[in-house]
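Participant: Right, I'll just put the structure down here and ask away after.
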Amino acid sequence: MTSLHLLQATPHSLSSPPRSYPSPLNGLETCSTMAELKQYHSQLIRLGLSADNDAMGRVIKFCAVSKNGDLGYALQVFDTIPHPDAFIYNTIMRGYLQYQLPRNCIHLYSQMLQDPVEPNRFTFPAVIRACCNDNAIEEGKQVHAHVVKFGFEDGFSQNNLIYMYVNFQSLVKARRVFDKMHVRDVVSWTSLITGYSKWGFLDEAFEVFELMPERNSVSWNAMVAGYVQSNRFHEAFTLFDRMRTEKVVLDKFVLASMLSACTGLGALDQGKWIHGYIKRSGIELDSKLATTIIDMYCKCGSLEKAFEVFNGLLHKGISSWNCMIGGLAMHGMGEAAIQLFREMEKEKVAPDNITFVNVLSACAHSGLVEEGRYYFSYMVEFHGIEPTTEHFGCMVDLLGRAGMLEEASELISKMPMSPDVGVLGALLGACKIHKNFELGEQIGKRVIELEPKNSGRYVLLANLYANAGRWEDVAGVRKLMNDRGVKKVAGFSMIELEGVVNEFIAGGKGHPQAQDIYTKVDEMLQRIRCVGYVPDTDGALLHDLVEDEKENPLYYHSEKLAIGFGLLKTKPGETLLISKNLRVCKDCHLATKLISKVYDREIIVRDRNRFHHFKNGQCSCKDYW
């Protein structure tokens, strides 16, 4: 690590009487290329100004921080200056940051102290940012001491120190700097909010937000974004509603965050309102915002609207193509995803590794084995993209679901990297589907040790044992979960009606209309029994209960409650859109197919992995999920 000594020496005295400079120096202000710069530089040298800090400082400024500059040339000039001043050092530091060389910036600051040249208030923002970018925690603490020593504890430097400690996850120190500030501006308040949010302390962030004497759009955005990034979507919506009530200007940043919140909740109506607001307000639809809108429509179940936005883009970037291909994949439209990929290539847009993750995922969701094999090779041979664990995971999922467990296992053995839980989990799921208990047990134990806090891994292995009638092993898995304090994740489902997102948990009675909902669910189940519904208790992980008792929890799974509520509150023929945090179970999948037939409704369910479109007693996944 670089040692940043606190030096007592005074800086060189470099002041000189003002003078009138010749035209080469004045011409530097209008310089636009390195070729011009070098001409001016050579003239300055001939005029004897090669050691003049003002003249060379202007040369270095163009080279180090201009978009048409050359940092290497700036460093050559720097090395020829006998006594560079703080301005020159600061300029080179800024250049290092622009070229993403934070460690060089820290070293230069150390050299500056040793020369010795005293830093000024413009030195510390660059050095502090360099410490952040290089995760140089010890150096950052020393720089903080220097800020105090040299007397630059002004708002400018303190804001940067708060930013630094936030990045180091030293929130206590960030708060101490904040509390010592004589005058706190919006930047310091917002930095603290961002810091608390970034590391998951949302309640503390909101406390600071509420204490703010004055807020701007950035501080509102920081709080909303914090909620969204922590998946606290309901609180994000509450704050967003408050923004509208208080007539805060809604910029593209907060709107992008709220589109992500709509995606998380499956809130299509809210997403449509935000999209409409963007159009009405004339907000520029840049590539990032357009992709966020497309993603929202895809994940809220409206491929038609997603395509409308996608087709309306004058310039489609790679992220927009990837998002649309991924949306088709999620909806089980493998052939359409591949067709869109071919159109992308016709448009001369070069695919990246994400593109092929989406294409292979589309093949996996639709059972397109030959196509998946082809594109797995194609991306390497024609585009030079080496497969990552995500690509291998898609292929293992594809082969495993198709019953090709031996080929899937062989592919894992040939991976150039260690398989992660995603790859092994895909094979474990396939072993359960195809009842390969021996391989499934081996993989299941590996997966649990790789991800010991994920309850889903234990449940899958326990269900594998249950299907084999190995109840002692099921009990062993449950005991292991209890010993490790692992709790099974509760399933919940959401349905948006009239702009309000209603959430249901299995067996929950917290909804204001719970009694009516349960009555509707009972009626719904009675009607589908008449067309052949028999509860599927496979995988319920309740082996110690008798069969009749097993049925009851399945009756009131969260998606059944959401569907019941949807049937109560909508008109005949209207489509129901349900979002679920876990994969849909076999029983609910069967029941929803029959409900769609009996009630003549289209029901769209988004589970953790994909979309299921139920209509006329059939599902778009063709039971391939």
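Using the three backbone atoms N, Cα and C, a Cβ is placed for every residue, glycine included.
In TrEMBL, annotation is done automatically, which means it is predicted and not curated.
When I checked TrEMBL for this same protein, it listed these features:
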type     : residues : note
COMPBIAS : 11-24    : compositional bias 'Low complexity'
DOMAIN   : 532-625  : domain 'DYW'
REGION   : 1-25     : region 'Disordered'
REPEAT   : 85-119   : repeat 'PPR'
REPEAT   : 185-215  : repeat 'PPR'
REPEAT   : 216-250  : repeat 'PPR'
REPEAT   : 317-351  : repeat 'PPR'
Participant: Sort the residues of the repeat 'PPR' (317-351) into helix, strand and coil with DSSP and give the three counts.
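Facilitator: Output for the repeat 'PPR' (317-351) reads 26 helix, 0 strand, 9 coil.
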Participant: Who are the chain neighbours of the repeat 'PPR' (185-215) in space, where the CB to CB distance is under 8 Å and they lie at least 6 residues beyond its ends?
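Facilitator: For the repeat 'PPR' (185-215), the far contacts come to 155, 158-159, 162-163, 165-166, 169, 171, 174-175, 178, 222-223, 225-227, 229-230, 232, 235, 248.
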Participant: Which residues of the same chain, at least 6 past either end of the repeat 'PPR' (216-250), have a Cβ under 8 Å from a Cβ in it?
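Facilitator: Distant Cβ neighbours of the repeat 'PPR' (216-250) are 186, 189-190, 193-194, 196-198, 200, 202, 205-206, 209, 257-258, 260-261, 264-265, 267, 270, 277, 281, 501.
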Participant: Would you list the DSSP helix, strand and coil counts for the residues of the repeat 'PPR' (185-215)?
Facilitator: 23 helix, 0 strand, 8 coil
Participant: Return the average pLDDT for the repeat 'PPR' (85-119) as a whole number.
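Facilitator: The answer is 94, the mean pLDDT of the model over that range.
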Participant: When secondary structure is assigned with DSSP, how many helix, strand and coil residues does the repeat 'PPR' (85-119) contain?
Facilitator: 26 helix, 0 strand, 9 coil
Participant: Pull the DSSP breakdown for the repeat 'PPR' (216-250) and write it out as helix, strand, coil residue counts.
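Facilitator: Taking the repeat 'PPR' (216-250) as a whole: 26 helix, 0 strand, 9 coil.
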